[in-house]
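Below is one structure, written out as structure tokens, with a few remarks after it.
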Amino acid sequence: MDPLGASCYSLHKIDPSTGPSYDRKRDENLTEVTASTKSLSFYDNKTFKSLLPQIFATLLASSFHITVGISLAYSAVLVPQLESPESNVKVTVTESSWIASCVALVVPLGSIGSGFLMDRIGRLNTIKLAAIPNSIGWAIIALATNAPMLLIGRLLTGFAGAVGTAPIIVYVTEIARPDMRGALLCTCPLCAALGMVITYLQGWISNWRIVAWSCIIYTIVPILCLWFIYESPVWLISKGKHERAKKSLEWFHKYQNKNPEQNFAHIQLSILQKEHKIKLEQEQQEKRRGGAAQMLKKFSRPTGYKPLIILLGLFFVQQFSGIYVTLFYAVTFFQAVGSDINPYMASVLIGAVRFLMSIVNTVLLKRFRKRILMMISCCGMAVCMFVSGLFTQRIHKGTTTHTWVPVVALLMYVVTSMIGLMAIPWTMTAEMFPLDIRGVAHSITIGIANVLMFAAVQSYRSLDVTLGGAHAVQYFYGVVCLTGLIYVYIFVPETYGKKLSEIEEYFNNNTIYLTHKLRVKNEAKKAKKQKNSKIREVIENNDNNEQCEKMIPA
């Protein structure tokens with residue numbers, strides 16, 4: 001999942017309140033919602049045709065992620081062209097590092113601004129608004145004559161990407177049918193991966209200025225398409241715009257079977273209105289119970305600070321394992337390994353592999369445990385980095401002619417990273433925190449993760465000089481991957497197939513997952529022994545009873 005688009009989930013929550021009258025009222029509302037939902041499912045026509053409006057709206061909204069992918073990968077083609085002797089814009093190594101990494105630095109600011117905007121002006125209007133700084137940023141880059149102009153342009157595109165991606169995820173979550181929500185949300189990272197492929201391909205065949213100008217087209221066309229779809233009915237109801245919400249629902253469900261007794265859109269409108277009423281009541285209760293002070297108190301509990309610390313450690317491993325360095329510096333990275341293969345072509349292959357693995361990853365996450373996937377990922381990444389580093393060292397020494405090996409190893413490195421370590425940490429932020437602090441905790445975690453990304457990308461050139469070359473940097477990333485393997489094995493709990501209450505209970509009683517597993521095994525062995533001893537007692541008692549019966553005369 002791309003980091004810009006990872007920072008948003010629909011976090012609808014209903015918390016228990018202290019007042020008995022509120023509990024009774026809430027239970028009555030929930031009963032009504034449940035009854036309406038059953039009625040809705042009775043009339044729901046689950047055919048592909050009935051999904052077409054949702055799919056169409058999702059594709060148009062998600063297409064903004066293409067520019068996000070371009071923004072992330074753009075430095076890969078920009079930096080080597082700026083540092084070439086023919087460049088008419090001269091930059092230092094330090095300046096090029098800032099130009100590459102500054103995108104990640106403004107993501108937390110953009111995400112915060114996006115949250116306020118999407119609630120104030122709507123999901124689609126926020127995406128449209130994000131297109132303005134995005135287009136201005138790309139225009140500044142295309143017209144740049146010095147490093148500060150490039151830096152300003154990159155900051156604007158990074159900020160706009162963060163502002164525009166969050167409402168897309170919320171929008172898709174709110175319009176999608178529940179059983180199709182996961183599949184439709186996958187279009188966001190897929191579009192971002194497609195943007196990366198486009199960037200590497202265009203950078204191979206054209207100048208960085210042409211790529212920047214084309215990005216304005218990639219921004220404007222999706223925004224124009226948004227005028228053909230309807231706003232989220234959930235947001236419309238929250239603003240009291242019930243007639244517009246009704247029209248929106250009728251458009252999204254226009255291929256549902258017509259029922260003379262009850263209209264499908266009318267049933268769903270009624271459900272959304274009741275859910276909004278429950279949410280308002282819950283928010284009023286939150287305000288009366290202390291707000292920010294209460295939130296800080298919740299973070300001081302084991303269920304607040306333990307998952308935060310574990311996730312930050314996991315993100316540290318993710319960022320300093322080189323995953324995003326190979327994205328931001330793809331061309332430069334391949335130039336440094338000394339392979340005969342064209343670095344731009346190798347970058348295109350990297351982008352294509354990321355795109356394909358984004359599809360495969362959605363299947364893997366549904367079928368396998370996350371701890372297993374992350375451990376396999378860390379192990380595979382470490383092996384690939386060590387192999388690539390070894391052959392990079394031999395190529396530079398002139399002791400091997402197998403210059404293709406580092407490229408293949410790095411491609412496999414991307415494959416194994418997409419299996420677990422690149423995607424899973426971004427998704428775990430929505431699972432490991434309790435419902436009542438999840439929104440705030442998620443934002444804090446993603447914000448710090450992006451700061452770590454900035455530090456990792458920013459430090460790449462310094463590491464190359466300090467450690468003594470590309471092979472040493474790859475060894476360093478390989479060691480971090482092995483550290484990640486150990487870290488996941490010891491500390492990261494399994495969330496696959498677990499209820500939120502089970503995860504919360506785990507953090508109340510545990511910190512180290514390995515110790516927890518050993519204790520569970522010992523308890524299971526103890527329980528088994530007790531069970532076996534009881535069975536033996538029953539058998540012995542039965543034998544004694546049979547002997548007594550034989551001694552009794554007939």
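Yeah, the Cβs are placed from backbone N, Cα and C, and that goes for glycine too.
A TrEMBL annotation is a machine prediction, not a hand-curated record.
Annotation source TrEMBL lists domain 'Major facilitator superfamily (MFS) profile' at 55-496.
Taken from TrEMBL, the feature transmembrane segment covers 55-77 (among others).
Beyond the transmembrane segment (97-117), the same-chain residues lying 6 or more positions past its ends with a Cβ under 8 Å from any Cβ of the stretch are 3-4, 7-8, 71-72, 75, 78-79, 82, 91, 125-126, 129-130, 147, 150-151, 154-155, 157-167, 324, 328-329, 443, 446-447, 450-451, 453-454, 457-458, 460-462. Per TrEMBL, transmembrane segment is recorded for 97-117 (among others).
Sequence annotations record features per position, and here TrEMBL assigns transmembrane segment to 129-145 (among others).
What TrEMBL lists as transmembrane segment is 151-172 (among others).
TrEMBL lists 184-205 (among others) with the feature transmembrane segment.
Here TrEMBL flags 211-230 (among others) as transmembrane segment.
Residues annotated as transmembrane segment in TrEMBL: 308-332 (among others).
As annotated by TrEMBL, transmembrane segment applies to 344-365 (among others). Packing against the transmembrane segment (344-365) from elsewhere in the chain are residues 73, 76-77, 182-183, 186, 189-190, 193-194, 196-197, 199-201, 203-204, 326-327, 330-331, 334, 373, 407, 410-411, 414-415, 418-419, 423-424, 427: each is 6 or more residues past its ends and has a CB under 8 Å from a CB in it.
If one looks beyond the transmembrane segment (372-392) by at least 6 residues along the same chain, the residues whose Cβ comes under 8 Å of a Cβ in the stretch are 317, 321-322, 336-338, 364-365, 400, 402-403, 405-406, 409-410, 412-413, 415-417, 419-422, 424, 469-475, 477-479, 481-482, 484-485, 488-489, 492. Under the heading transmembrane segment, TrEMBL lists 372-392 (among others).
As annotated by TrEMBL, transmembrane segment applies to 404-428 (among others). Long-range Cβ contacts of the transmembrane segment (404-428) within its own chain (Cβ-Cβ under 8 Å, at least 6 residues beyond either end) map to 1, 3, 6, 189, 311, 314-315, 317-318, 321-323, 326, 333-334, 337-341, 346, 349-350, 353-354, 357-358, 360-361, 364-365, 370, 373-381, 384-385, 387-388, 391-392, 395, 446, 449, 481, 484, 495.
According to TrEMBL, the transmembrane segment annotation covers 440-460 (among others).
Positions annotated as transmembrane segment by TrEMBL: 472-492 (among others).
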Statement: Listed stretches 55-77, 129-145, 308-332 vs the transmembrane segment (184-205), most Cβ pairs under 8 Å: range 55-77
Statement: Taken over the domain 'Major facilitator superfamily (MFS) profile' (55-496), the predicted model's pLDDT averages 87
- line: Tertiary contacts of the transmembrane segment (308-332), defined by C-beta under 8 angstroms and 6+ residue spacing from its ends, are 3, 72-73, 75-77, 79-80, 100-101, 104, 196, 200, 203, 299, 343-344, 346-347, 350-351, 354, 378, 381, 385, 410, 413-414, 417, 421-422, 425, 428-429, 432-433, 441, 444-445, 448-449, 452-453, 455-457, 460, 473-474, 477, 480-481, 483-484, 487-488, 491-493
